[in-house]
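J.: Handing you a structure now.
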Amino acid sequence: MFGPAKGRHFGVHPAPGFPGGVSQQAAGTKAGPAGAWPVGSRTDTMWRLRCKAKDGTHVLQGLSSRTRVRELQGQIAAITGIAPGGQRILVGYPPECLDLSNGDTILEDLPIQSGDMLIIEEDQTRPRSSPAFTKRGASSYVRETLPVLTRTVVPADNSCLFTSVYYVVEGGVLNPACAPEMRRLIAQIVASDPDFYSEAILGKTNQEYCDWIKRDDTWGGAIEISILSKFYQCEICVVDTQTVRIDRFGEDAGYTKRVLLIYDGIHYDPLQRNFPDPDTPPLTIFSSNDDIVLVQALELADEARRRRQFTDVNRFTLRCMVCQKGLTGQAEAREHAKETGHTNFGEV
């Protein structure tokens with residue numbers, strides 16, 4: 001069967017005897033997974049915070065609602081030169097000191113919100129930071145521990161989701177020919193549990209869905225990502241360049257690994273971390289505790305959004321490649337497909 005041997009080789013283990021059974025609300029459509037996401041997937045949102053220190057006001061970059069306290073302190077250290085152990089972070093009026101005792105606390109669990117101004121002071125009751133911990137040293141440390149995340153472009157051939165997932169779980173193997181087997185795998189899983197994968201979930205009968213997903217002109221979405229997350233037993237994070245958010249599939253399942261995709265409204269690409277040493281292969285599988293990679297993914301999405309590198313699926317112009325009718329947005333495309341049975345669309 002597709003996946004198990006190579007998945008194990010790279011540390012992503014398909015679930016033994018996997019029958020399906022992932023909670024979800026709506027199937028992906030020809031226009032991708034915009035809209036409802038599976039129950040249990042979680043969204044990260046980018047946060048914008050400022051900090052005020054002795055040398056002025058600074059903008060803190062690359063934070064999300066799930067950034068940990070220790071990562072926030074690392075960035076503050078890079079800006080101010082105050083070691084994390086000597087920081088006092090105050091917020092509000094009158095200013096109150098945040099509890100920094102647990103470095104694993106995430107920002108959304110603190111009494112702060114995006115847009116707040118943080119006041120940074122040095123705790124005079126603690127030993128002063130050593131001369132080696134300067135702004136320059138801290139900045140170098142942060143740069144070394146935050147390698148750049150990059151996108152690998154895969155073919156836009158209606159199977160970009162499957163090619164992208166294969167790429168990341170196989171440790172950086174680009175193989176568009178994997179798509180038919182992945183489609184058959186998903187069809188087998190769905191067919192094995194018709195009670196769960198009902199028409200209410202799939203938007204069509206179980207048999208119709210299985211026939212549909214095996215075609216090479218249909219697009220994958222939330223349903224397929226959820227199934228692949230459980231099959232490979234890893235969290236699949238999809239960062240959206242239009243909304244600058246991350247939807248996380250399989251987060252609550254206790255998986256120890258995560259992989260990342262970037263989505264622009266109609267196309268998926270895999271994300272990977274490259275290293276300066278050309279002999280070191282790119283990293284595509286991350287620890288599920290590595291929240292730094294999530295922040296980097298949000299930064300990448302935010303940059304793409306500012307450059308308008310996304311497609312608004314509710315407004316983009318399509319043409320039915322069967323009858324050549326012009327359509328606007330995924331809603332019209334979905335209705336046209338329902339009325340005519342035509343499902344091959346191209347973007348104009």
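Cβ atoms here come from the backbone N, Cα and C positions, even for glycine.
Below are the features I grabbed from Swiss-Prot:
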type	residues	note
REGION	1-39	region 'Disordered'
COMPBIAS	1-11	compositional bias 'Basic residues'
REGION	50-128	region 'UBX-like'
DOMAIN	149-274	domain 'OTU'
REGION	154-160	region 'Cys-loop'
ACT_SITE	ASP157	active site
ACT_SITE	CYS160	active site, nucleophile
REGION	213-223	region 'Variable-loop'
REGION	263-267	region 'His-loop'
BINDING	ILE266	substrate binding site
ACT_SITE	HIS267	active site
REGION	291-296	region 'S2 site'
ZN_FING	318-342	zinc finger
ACT_SITE	HIS342	active site
J.: Among the recorded positions ASP157, CYS160, ILE266, which residue has its Cβ surrounded by the fewest other Cβ atoms within 10 Å?
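T.: Least crowded of the recorded positions ASP157, CYS160, ILE266, by Cβ count within 10 Å, is ASP157.
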J.: Taking the region 'S2 site' (291-296) as the reference, which of 50-128, 154-160, 213-223, 263-267 gives the largest number of Cβ pairs under 8 angstroms?
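T.: The stretch with the most contacts is 50-128.
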J.: Kindly assign ASP157 (active site) to one of the three DSSP-derived states: helix, strand or coil.
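T.: Looking at the DSSP assignment, ASP157 (active site) belongs to neither helix nor strand, so coil.
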J.: Would you report the average pLDDT that the model assigns to the region 'S2 site' (291-296)?
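T.: 84, rounded to a whole number.
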J.: How many Å lie between the Cα of CYS160 (active site, nucleophile) and the Cα of ILE266 (substrate binding site)?
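T.: Distance (Cα to Cα, whole Å): 9 Å.
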J.: Between ILE266 (substrate binding site) and ASP157 (active site), what is the CA-CA distance rounded to a whole number of Å?
T.: 11
J.: About how far apart, in whole Å, are the alpha carbons (Cα) of ASP157 (active site) and HIS267 (active site)?
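T.: Computed Cα spacing between ASP157 (active site) and HIS267 (active site) is 9 Å.
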